[in-house]
Each structure stands twice: as structure tokens, then as C-alpha cells.
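Copied from Swiss-Prot, the annotated features are:
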- ARG23, GLU28, GLN47, ASP48, ASN49, ARG59, LYS71, HIS118, GLU142, LYS167: substrate binding site (BINDING)
- HIS62: active site, proton acceptor (ACT_SITE)
- TYR131: active site, proton donor (ACT_SITE)
Amino acid sequence: MKATRLAIPDVILFEPRVFGDDRGFFFESYNQRAFEEACGHPVSFVQDNHSRSARGVLRGLHYQIRQAQGKLVRATLGEVFDVAVDLRRGSPTFGQWVGERLSAENKRQMWIPAGFAHGFVVLSEYAEFLYKTTDFWAPEHERCIVWNDPELKIDWPLQDAPLLSEKDRQGKAFADADCFP
């Protein structure tokens, strides 16, 4: 598995070696030893989540201010544009974002450590999105930053207005968001 640190170095893109022939393909989607070697520290996952969304659905930008979650994310059907925003005030990349296309075809995964907000928009007719988390969902600690915050200036690849949940429509401005030390 190839691991590439992105413009925010704590966010890592993983690309598996895929073995294919006329029967189909095989690849190792997760290897704890290789993953922790790339991250540089032990990581323990406690929950897997799976969602299905239609084209234009935008989920995010979500995070938990307590019980902060690291996430290893991938698309198992279709394609998404996946975004991580650094919310760690002490970080040299505080307030910056990175984004990557993840798809069933490219089989890429993105590691988003705790201390980041996360979101994605569906680019294909449908997408199924699978992610591992390092802590359990804690709705009382959940926060949301509005997807189109003018300070963050995320370059979402959108043709039309996204389809948002009520929670995501009510997201806070980055300037007003609870952030990490």
C-alpha cells in the first residue's frame, strides 16, 4: 500500500496495490501494521460507518470537539470529493484544507486524524462511503462548520447547489467554530 502525505502532512492518502485478472480483482484494504507505520503512531479503530448518498449530496463539515475522531475514509461505490480541514489552533496548517477524489475505481482511502473537520460531496449518481473511526459517535460533542465558509474557501467541484441536511445548513462559520488547542 502506497502512503502519501498531502499538503497538510498529517492527512495521508493510501493507494492499495490491486491484483486483477479476468476473474476480477483483489486488494488489501487495511493492514494495521502498514497503516500505523505510515501514521507514525498506534491507531485503534472502534467503529465502522457506512452511508449511501445521491449525486450532489454534501455531508459536512463534521467533527467532535470531545471524543475527537480520527477517520479512515473511502468510497466503495461511486465517487466523492473528500475534504479535511485542520482545526488545531497550534498547527502551522490551522484553517487550511485538503481535498481528494475517492472512488470505487481508484480505491484510495484518506486518513483524517482527530482535530480535523471532515466532509464530502457525491460526484457520481450514487456513492457508498465507508469509514473507520477512532472514537465512538458522541452527538452531544458533534459540531458542524458550514460547507461554503468564506474564510475556508473550499473549492468544491459542484455544478449546482448541494443537497444538505438541516444540520449541515445550520453549520457555524469557521470564525465562530469550537476548535482544538
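Each residue, glycine too, has its Cβ placed from N, Cα and C.
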Residue among the recorded positions ARG23, HIS62, LYS71 whose Cβ has the most other Cβ atoms within 10 Å: LYS71
Roughly how many Å separate the Cα of ARG23 (substrate binding site) from that of the residue listed as 'active site, proton donor', to the nearest whole number? 27
Considering all pairs of residues in ARG23, GLU28, GLN47, ASP48, ASN49, ARG59, LYS71, HIS118, GLU142, LYS167, annotated in the record as contacting substrate, what is the maximal C-alpha distance expressed in whole angstrom? 44
Measure from the Cβ of GLN47 (substrate binding site) and count the other Cβ atoms within 10 Å, all protein chains considered. 13
Any idea what the Cα distance is from ASN49 (substrate binding site) over to TYR131 (active site, proton donor), rounded to a whole Å? 5
Tell me the coarse DSSP state (helix, strand, coil) of ASN49 (substrate binding site). strand
Which ones in the same chain are close to GLU142 (substrate binding site), with CB under 8 Å and 6+ residues apart in sequence? HIS62, TYR63, GLN64
If you count CB neighbours within 10 Å, which one among the recorded positions ASN49, TYR131 has the smallest count? ASN49
Cα-Cα, whole number of Å: LYS71 (substrate binding site) versus the residue listed as 'active site, proton donor'? 6
CA pair GLN47 (substrate binding site) / TYR131 (active site, proton donor), Å rounded to integer, equals 8
HIS62 (active site, proton acceptor): secondary structure state under DSSP, collapsed to three categories: strand
